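Feature list (source: Swiss-Prot):
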- 150-184: repeat 'PPR 1' (REPEAT)
- 185-219: repeat 'PPR 2' (REPEAT)
- 220-250: repeat 'PPR 3' (REPEAT)
- 254-288: repeat 'PPR 4' (REPEAT)
- 289-323: repeat 'PPR 5' (REPEAT)
- 324-358: repeat 'PPR 6' (REPEAT)
- 359-393: repeat 'PPR 7' (REPEAT)
- 394-428: repeat 'PPR 8' (REPEAT)
- 429-463: repeat 'PPR 9' (REPEAT)
- 464-498: repeat 'PPR 10' (REPEAT)
- 499-533: repeat 'PPR 11' (REPEAT)
Amino acid sequence: MLRRWNIVIESLRRVHSSDLENLISASLYNRTLCTASESLNHGVVDESYVLAELSSLLPISSNKTSVSKEDSSSKNQVAIDSFLSAEDKLRGVFLQKLKGKSAIQKSLSSLGIGLSIDIVADVLNRGNLSGEAMVTFFDWAVREPGVTKDVGSYSVILRALGRRKLFSFMMDVLKGMVCEGVNPDLECLTIAMDSFVRVHYVRRAIELFEESESFGVKCSTESFNALLRCLCERSHVSAAKSVFNAKKGNIPFDSCSYNIMISGWSKLGEVEEMEKVLKEMVESGFGPDCLSYSHLIEGLGRTGRINDSVEIFDNIKHKGNVPDANVYNAMICNFISARDFDESMRYYRRMLDEECEPNLETYSKLVSGLIKGRKVSDALEIFEEMLSRGVLPTTGLVTSFLKPLCSYGPPHAAMVIYQKSRKAGCRISESAYKLLLKRLSRFGKCGMLLNVWDEMQESGYPSDVEVYEYIVDGLCIIGHLENAVLVMEEAMRKGFCPNRFVYSRLSSKLMASNKTELAYKLFLKIKKARATENARSFWRSNGWHF
């Protein structure tokens, strides 16, 4: 023991104190310490031997280090989790590949997330969970507070499974509802049938209807109408006709059954088939109503028989019926399709004179038709009337108005619709904001561009690389090159790399303005950002998501 201490002390004495750290780390020295051994036993004592003696004589406790590592890792985990939404955290549990449902449910419960049916719907509808994972998550969710085990909750999982064509899991959930004490209703049956029809599994949808009583859903006129509606809305009208004829006499039909068949043939423009169904409807003791006439008028319009549709419209009053909004909408749609905008406006004014209140479909067809026909002033006038009557457009409808307006002409009309919709309380979609930014950028309207950008961020939409490119382009057009560089640097700080065309345009303008130093600094930053982007693309192509 004394000899080992002497070797270590003699070695440390002959090494300069500044070189001690390098000696212990063994990273800078490959030569051995021979001086100590010459005076003691004339042997060779290498560096590894000295380090081994030090480690045995001076042990260092690793408890403190491990604790600090655990603390830092927990802090990092908290920092990472702060960037994740509740839906991503819940989906992330299934990425861990835990074995057993109990382990998965325990991990889900440990997250401590307050569940709601909206969060459950987001987890199921987004991402790429397997069918088994979706069912496992739903079984856990309905046992948690905040999510009730009722028909509404089960309709969410049925719709999510049907949308992804996971039909075996969908049928298991539908059959298991009764065992869980929840009786399926017509909505659940409709979701399942529509899921089959959507992927052209018509026979399975019909078989599901015939087996509906085994699920607790009565085979009635309402369920039969739901089957017909699923088939006709997906253009399987011939199959609907076969089922309609097969069930005639077994299931009592009502006027809705006949109207669904008429609407199906109307979408295909089959006037003769519509007339046959209308004749059967009258023979069965059901008089055609305004909905029947509206489908008939639409079908005639699709075949170009506008004059016949006008004749039917004029005969409605003679038969004791008063045209409603559906009938007027069909006439307006026919004339818009024929690009006869004056006649469509005449029927709209006639509708108001007859004190028939226009609905959202009326204004949707009018405004969209006038915009596509480039009757922008008339479209803006109708849009203002729409808002003045308290009819608010949906988010998707506002986007459909803005899309054609942002494809031709200056952005004035698009900005009018955007500002009035926003003022009325309508929510603007992210795609609508991008359409506006792109159009304003092209025309160099940077004041409006920056205002819309601020309003987009106020609405909760994050700025992606596409948005930054529009801003940089707009600033380049009006010559605000320094501001364009600042925006591009902000984009790179957020991990985005603008495309080569945007950078090339900005760099060329900087060089033309004798701002060589600024252009060179931007080049270095773009070079680094592009390398990072290429690395990220390589990671993702190999399945490494960081």
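The count begins at 1 with the first shown residue.
Keep in mind that glycine also has a Cβ here, set from the backbone N, Cα and C atoms.
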What is the pLDDT of the repeat 'PPR 8' (394-428) when averaged and given as a whole number?
94
So which residues does the repeat 'PPR 3' (220-250) touch in its own chain, when a touch means Cβ under 8 Å and the partner is 6 or more beyond its ends?
186, 189-190, 193-194, 197-198, 200, 202, 205-206, 209, 212, 256-257, 260-261, 263-265, 267-268, 270, 273
Let me spell it out: take the repeat 'PPR 4' (254-288), skip the flanking residues so only those 6+ beyond its ends count, and list any with a Cβ under 8 Å from a Cβ in it.
221, 224-225, 228-229, 231-233, 235, 237, 240-241, 244, 295-296, 298-300, 302-303, 305
Near the repeat 'PPR 11' (499-533), which residues from the same chain, at least 6 beyond its ends, have a CB less than 8 A from one of its CBs?
465, 469, 472-473, 476, 479, 481-482, 484-485, 488-489, 492
Using a Cβ cut-off of under 8 Å, list the residues of the same chain at least 6 residues beyond the repeat 'PPR 5' (289-323) that approach it.
255, 258-259, 262-263, 265-267, 269-271, 274, 278, 281, 329-331, 333-335, 337-338, 354, 356
